[in-house]
Amino acid sequence: MSGSPAVRSGVSGVSGVSGVSGVSAAALFLLGGAALAGSAAVCVRVGSGDVGYADLAAALGRRLGLAAEPLPPLIDSLVWDLRLPRVLLAALVGASLAVCGAALQAVTRNSLADPYLLGVSSGASAGAVAVAVLSVGAGSVGLAGGAFAGALVSFGLLMLLLRRTGLDSSRIVLTGVVVGQLFTALTSLVLMTSGDADTTRAITHWLLGSMASARWDAVAACAVAGAVGAVVVQACAPALDGFSFGADTAASLGVDVRATRLVLLVTTALLTSTAVASVGAIGFVGLIVPHGVRFLVGPLHRVLLPFTALVGAIFLMWADTLARVAFSPQEVPVGVFTALLGVPLFLLVLRRRGEL
Amino acid sequence: MRITVENLSWSVPGGDIVRNVDLEIGSGETVGLIGPNGSGKSSLLRCVAGVRTASAGTVRYDGRDIRGWSARRIARHTAFVEQATESETDLRLGDVVALGRMPFRSRWRGPDRADRAIVDAALARLGLTGLRTRGWRTLSGGERQRAHIARALAQQPRCILLDEPTNHLDVRHQYELMDLLAGTEQTVLVALHDLSLAARYCDRLVLMHRGSLVASGPPRAVLTPGRLRDVFGIDAETGHDGLGNLTVACRGVARDPA
């Protein structure tokens with residue numbers, strides 16, 4: 001052993017959770033689950049209006065069919081129709097984006113990869129603009145519907161351009177950038193030529209991401225997409241480890257490289273599209289959460305992915321709560337806070353890993 | 001495991017990289033694959049390892065055509081150690097070696113007790129036991145190379161394919177590795193640049209030139225001064241050291257290579 005043992009044990013000692021014992025990882029995960037539940041309760045409570053934990057319990061209890069003291073309708077509505085779906089949506093979107101980021105970083109072997117790498121957020125904004133400014137769909141589809149359709153169209157174009165290729169890493173990244181640029185340009189073109197000042201402002205706000213319009217239907221959509229996506233990505237966990245040394249080594253370890261990449265691209269694109277359509281393009285979660293969690297539990301995906309989902313959920317829940325209350329009654333787009341919170345955390349992780 | 005390569009070609013737009021290669025490797029044989037840069041050694045290895053599909057021809061494991069086999073099925077027979085092993089990962093060395101158990105594991109489970117015992121044995125065989133918790137980025141080039149070889153052994157393959165595995169290794173580890181490969185019961189096909197090392201340890205040498213297989217046989221039959229000049233472009237003579245091993249002494253670049 002050479003070098004500085006103190007630094008080294010600081011690095012591999014912490015990441016030692018990954019392989020050595022499933023027991024400590026499981027205990028840590030339970031702890032994280034408790035932190036998630038606790039955070040959710042606190043985040044529901046915080047904000048304008050006097051809401052206590054008892055109110056939350058009562059609102060939940062009534063829906064679960066338990067005999068509970070009926071709440072005043074205003075408080076009940078605040079908890080059940082506004083706060084709770086918003087907090088849950090933040091958790092689901094945070095988890096989805098973080099898992100997508102972790103998967104795409106491994107698939108493309110690019111530590112800068114994030115869920116928007118595939119260009120779906122640009123497609124979503126183009127779709128949203130088409131609905132809001134050009135009235136495509138004549139009012140039959142909302143902003144979310146337009147955004148989801150736009151995301152699918154851009155992903156379809158991406159896959160069309162990637163057809164008959166081996167889906168190799170650099171080609172995915174470059175084609176994704178190209179497709180993203182195209183749809184960004186289309187969005188700008190429509191906004192500049194046809195949009196009025198109010199629409200432009202509304203769209204810009206939406207692009208930065210906001211959970212303000214969170215409702216139960218969006219929660220349901222993200223929960224279904226998130227559950228399916230999480231299972232599919234988790235099933236690919238060994239393959240994602242195999243990609244560490246490139247496609248040929250992965251193949252020699254029994255990974256069907258092209259099929260795995262295809263499954264992961266489609267899954268992450270659908271998951272990201274659902275998230276973006278619900279709340280806009282919230283940046284930074286999908287980039288930094290996987291890096292931070294890798295630092296905590298090591299890079300083995302079987303352990304990394306569940307923890308990434310957990311931390312992503314907690315992180316976005318708190319970022320959104322801050323966005324809601326920090327400059328109350330004015331609400332700041334949550335993307336601003338994910339960056340404001342994320343940048344220092346990220347720098348800390350890089351520093352501890354000796355990369356800065 | 002017996003490997004049979006029949007009339008194998010592998011092409012890219014612009015030309016054939018491997019051309020009409022026929023090769024038979026007996027079970028347990030250690031065969032050295034030699035040839036200058038760009039002669040098609042790595043591509044041939046990739047085709048035999050099943051990570052590239054041949055443009056024409058067949059690869060057989062124990063007589064069975066592997067075309068259409070799943071990557072997992074192939075990985076249960078053959079391990080492959082690539083030449084370039086760069087990675088941004090911070091996997092620990094032990095985790096990298098444990099990747100060799102992947103073809104035998106459910107996608108939902110981590111390594112079990114039996115897997116860990118196999119990984120421990122592979123680590124011990126390459127002298128890496130003390131480094132198992134070290135992060136990948138803290139390892140030297142030679143340690144990484146040995147980790148990949150341990151990973152291949154953990155795969156418990158019936159055939160090991162290696163692309164210039166002695167790169168990055170110091171002299172002692174080069175000899176240790178070649179001892180290991182020559183001593184194993186597994187079939188070994190190894191691409192090598194060091195001709196004396198290849199001659200000393202391999203049962204048979206296979207010489208490639210511009211994508212074609214130009215000679216195959218015992219080292220002293222393949223490594224003749226004429227071939228060394230024609231294929232490698234060197235002016236060399238062969239001899240024997242005190243132990244009776246074939247040696248290749250290069251005097252310099254050949255004046256008028258063929």
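Placed from the backbone N, Cα and C atoms, the Cβ positions cover glycine too.
Nobody curates TrEMBL annotations by hand; they come from automatic prediction.
These features come from TrEMBL:
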type	residues	note
TRANSMEM	A:20-44	transmembrane segment
TRANSMEM	A:87-107	transmembrane segment
TRANSMEM	A:127-160	transmembrane segment
TRANSMEM	A:172-192	transmembrane segment
TRANSMEM	A:262-288	transmembrane segment
TRANSMEM	A:300-319	transmembrane segment
TRANSMEM	A:331-350	transmembrane segment
| remark: Within the same chain, the residues 6 or more beyond the ends of the transmembrane segment (A:172-192) and with Cβ under 8 Å of it are 107-108, 110, 113, 116-119, 121-123, 125-126, 129-130, 133-134, 150, 154, 157-158, 161-162, 199-200, 203, 261, 265
| query | Looking at A:20-44, A:87-107, A:127-160, A:262-288, which one has the highest count of Cβ pairs under 8 angstroms to the transmembrane segment (A:300-319)? | reply | A:87-107
| Which bits of the chain, at least 6 residues beyond where the transmembrane segment (A:127-160) starts or stops, bring a Cβ under 8 A of a Cβ in it? | 118-121, 175-176, 179-180, 182-183, 186-187, 190-191, 194-195, 199, 202-203, 206, 218, 265, 269, 272-274, 276-278, 280
| message | Should anything in the same chain at least six residues away from the transmembrane segment (A:87-107) have a Cβ under 8 Å from its Cβ atoms, list it; otherwise answer none. | response | 36, 40, 43-44, 113-115, 117-118, 169, 172, 211, 214, 218-219, 222-223, 225-226, 229-230, 233, 236, 240-241, 243-244, 261, 264-265, 267-268, 271-272, 274-275, 278-279, 282, 285-287, 289-290, 293, 301, 304-305, 308-317, 319-321, 334
| note | Near the transmembrane segment (A:262-288) in space but 6 or more residues beyond its ends, with Cβ under 8 Å, are 89, 92-94, 96-101, 103-104, 107, 112-116, 118, 120-121, 123-125, 144-145, 147-148, 151-152, 155, 158-159, 167, 172, 206-211, 214, 218, 221-222, 225-226, 228-229, 232-233, 236, 312, 315-316, 319, 333-335, 338-339, 342-343, 345-346, 349
